[in-house]
Amino acid sequence: MAETFLFTSESVNEGHPDKLCDQISDAVLDACLAQDPDSKVACETCTKTNMVMVFGEITTKADVDYEKIVRDTCRNIGFTSADVGLDADNCKVLVNIEQQSSDIAQGVHGHFSKRPEEIGAGDQGHMFGYATDETPELMPLSHVLATKLGARLTEVRKNGTCAWLRPDGKTQVTVEYYNENGAMVPIRVHTVLISTQHDETVTNDEIAADLKEHVIKPVIPEKYLDEKTIFHLNPSGRFVIGGPHGDAGLTGRKIIIDTYGGWGAHGGGAFSGKDPTKVDRSGAYIVRQAAKSIVASGLARRCIVQVSYAIGVPEPLSVFVDTYGTGKIPDKEILQIVKESFDFRPGMISINLDLKRGGNSRFLKTAAYGHFGRDDPDFTWEVVKPLKWDNKVQA
């Protein structure tokens, strides 16, 4: 057998303090966009024992009750008493929100006077999109499995299957891969790690048995598990104190979990709490669509796309494509197809991906269990765009 290697991705649940903050920031964004699609939002959240603070810059015509959004979001996750890590109805909620800087406003959207194609990037930066043919979602398997384990933990907590579960939790999956001329081929799951918050009533043996039966079995396809697969289930031995009581939380601290689980690359910009003029978010969404479309159209088995911006400038400074040697045609030709097929100007990304539409918990949904590889019509950047190319070269 050819040489293999191990690669690991992690995820965290919606009750993890950093993810709680991401969800609050995006719930605020949803509320602003629902009433005023031109809202300019940069909303950060932090939390620690018995306290949540939202702060940042928001310019909107929307009438938003920030405190209610904070409490509702915490409650929906399951933070309903100090015992589980936070009491949504009795915790302190601090709000420190100002208008967007007038310097930024004039440079980016001319105080709302610019046409969509003229709107400049809200900041400088570079973003990456990635896709791989190893899963139906065109996402890395290690990341998909870690993410789905986290989502399943929440599901069995909320539906009562595992009543001992509490909201906070982390997952991690190590996959053994084979490199097939640049494409990634998963062979087996090497290690599964789950650390989940629990109540006082349950033993470690019960935790391990329940996690195997109700979380791991429904999520990880049998073909990837064998007698050598290693399981670390609550290896610390005790995880009763969790949520913001256990650790402080901040928006934007789980950017690898939000994207590709360590695969591809990351420009460093977080997503949650940002309206689509912030290219950290909209730029990353359009390059995911580009990379996914390249793989889905058969141009390559694996692909990364980079885009970069300057503040106030609509046109991207650079676009880059690398297919890791899996391209059916040269990368420079694929790059040309990408440039002809996708409009990377922030105002046009907003229109083409319908990113000004809030409500329906649209962005709140992105803030837990990943922004990519999700089968949901609100995730417009996951729609494959047919790319025109002459695939006779395959023969």
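Yeah, the Cβs are placed from backbone N, Cα and C, and that goes for glycine too.
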Record-annotated L-methionine site (Swiss-Prot): member among Glu57, Glu137, Glu206, Glu315 besides Gln100, Asp247, Lys278: Glu57
Protein Cβ atoms within 10 Å of Glu10 (Mg(2+) binding site), excluding its own: 20
Of the binding-site residues listed as His16, Gly169, Arg238, Lys274, the one whose CA lies nearest the CA of Gln100 (L-methionine binding site): Lys274
List of residues, in chain order, with Cβ under 8 A from that of Arg238 (ATP binding site) and at least 6 apart: none
Collapsed DSSP category at Gly169 (ATP binding site): strand
For the binding-site residues Glu44, Asp247, the one whose C-beta sees the most other C-beta atoms within 10 angstroms: Glu44
